[in-house]
Amino acid sequence: MIEPIILFFVLGIIAGLVRAELRLPGPIYDFVSMLLLLAIGLKGGIELAKQPFLTLLPQILVVFVMGLILPLIGFPILRKFGRFKRADAASIAAHYGSVSVGTYAVAAAFMETQNIYFEEHMPLLLVVLEVPAILVGIVLAKGLSKETQWSSVAHEVFAGKGVVLLLGGLFIGWIAGSDGLDSIKPLFFDLFKGILALFLLEMGLIAASKISSLHKYGLFLIVFGIGMALLSAVIGTGLGLLLNLSIGGTAMLAILAASASYIAVPAAMRISVPEANPTLSLTASLGITFPFNVLIGIPVYYELAVRAHAIFGA
Amino acid sequence: MTTQDSQQGHLQGQLKGELKDQPQKYNSMLVTIVTESSLESQLSRELEGLGVQGYTITDARGRGDSGSRNAGWDADSNIRIEVICSEPMSETIAKLLEEKYYPNFAMVMHCHGVFVLRPEKFK
């Protein structure tokens, strides 16, 4: 059975491609994305309350290193085979080293529908993955330049809506615990899929606008957008095994690795590497990788995790 | 006096006549900047650093060289910044934007004279 939320995404894409007069009003989109980020954070926070923070430290470190490595793999590919300018290659690579909360939300819904267990503290790793790729991207574009306004970049990264709401949600969930959140559960947890459906409708419209600008940038971006996602998923699966995550957790880490940012990184790159063309990176991350992951990637990465556990698992 | 001069003189007279009933000619400048919303906090800081007394920011939608920017989503939306200031300040703002932002950002700036009450508020 096809997840109805995926059909909302498809509806958005079709509506966008036929230029239907459809648009989620700006404040509604803001509201919907805020609810999603908070809900994801709260769920992670409840789980964090159940275990000592120190046991998660190895996972946090490994995921941080993964965030550093992924853009370093993408950058030379973009430079050599894509022949992109240094700034453009660095910016696109940073998008692919970071994560997409939207993809995570769809994956969480997929896992819930299929009754697959995964470590619920994944939102913490989601936050950890937002940051390192941005730093690597800036250094790849400019070197360790004194001109870089690190304070502006830090503000953009840590005070950005995504990180504040995710970390805020984690913190509130951690303090309040599962019972404490009972009173707000109907809004954040019971309505999660409905909210996600609206969010995906808008994402479909945005993705369609990027797809329609694809013809300008050629075949390479399509191949890179899918190829990089698959390669990153394999790396994420390997690290999931290394960290002894469950099958669902391994799949989630693969999905986080395979996803490409479209909120935190574009904002940080506009400020720190303004000479990079944002249309290129957003076309790749939103026009190619996001739809690929949502429509095809998530079940494929789960299957990869199942097979990897069967072959290499303890 | 040539015919052209006489026509120009007539036109100026006509304009003056029309302006006679207006309060005054402009006493401040209105600088309008339409640009990417990702620049909002940075530009606010820059303007405050230059010493402008205030500004108004609104969300904007439209289409231009950088494609359609429909304001639904942060990375794809525009803002319009309006600053009322003195003429020298408008020139300083224009110079800053031209040097620092025009090469890499979607940005349009235009300014014109406006008549404001309490012009001392807008230096």
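Just so you know, glycine gets a Cβ as well, placed from its N, Cα and C.
Those TrEMBL annotations? Automatic predictions, nothing curated.
Quantities reported herein were computed from a predicted structural model and do not represent experimental measurements.
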The residue range that TrEMBL labels transmembrane segment, out of A:6-26, A:90-110, is A:90-110
Highest Cβ pair tally under 8 Å against the transmembrane segment (A:187-207), stretches A:90-110, A:219-243, A:249-268, lands on A:90-110
Sequence-distant residues near the transmembrane segment (A:280-302) by C-beta distance (under 8 Å, 6 or more away from its ends) are 6, 9-10, 13, 84, 88, 91-92, 94-96, 100, 102-103, 106-107, 110, 114, 116, 200, 203, 206-207, 210-211, 213-214, 217, 221-222, 224-226, 228-230, 233, 236-237, 247-248, 251, 254-255, 258-262, 265-266, 269
Within the same chain, the residues 6 or more beyond the ends of the transmembrane segment (A:122-141) and with Cβ under 8 Å of it are 40-41, 43-45, 48, 56, 59-60, 63-68, 70-72, 75, 86-87, 89-91, 93-99, 101, 104, 108, 148, 153, 157, 162-163, 166-167, 169-170, 249, 252-253, 256, 261, 264-265, 268-269, 272-273, 276
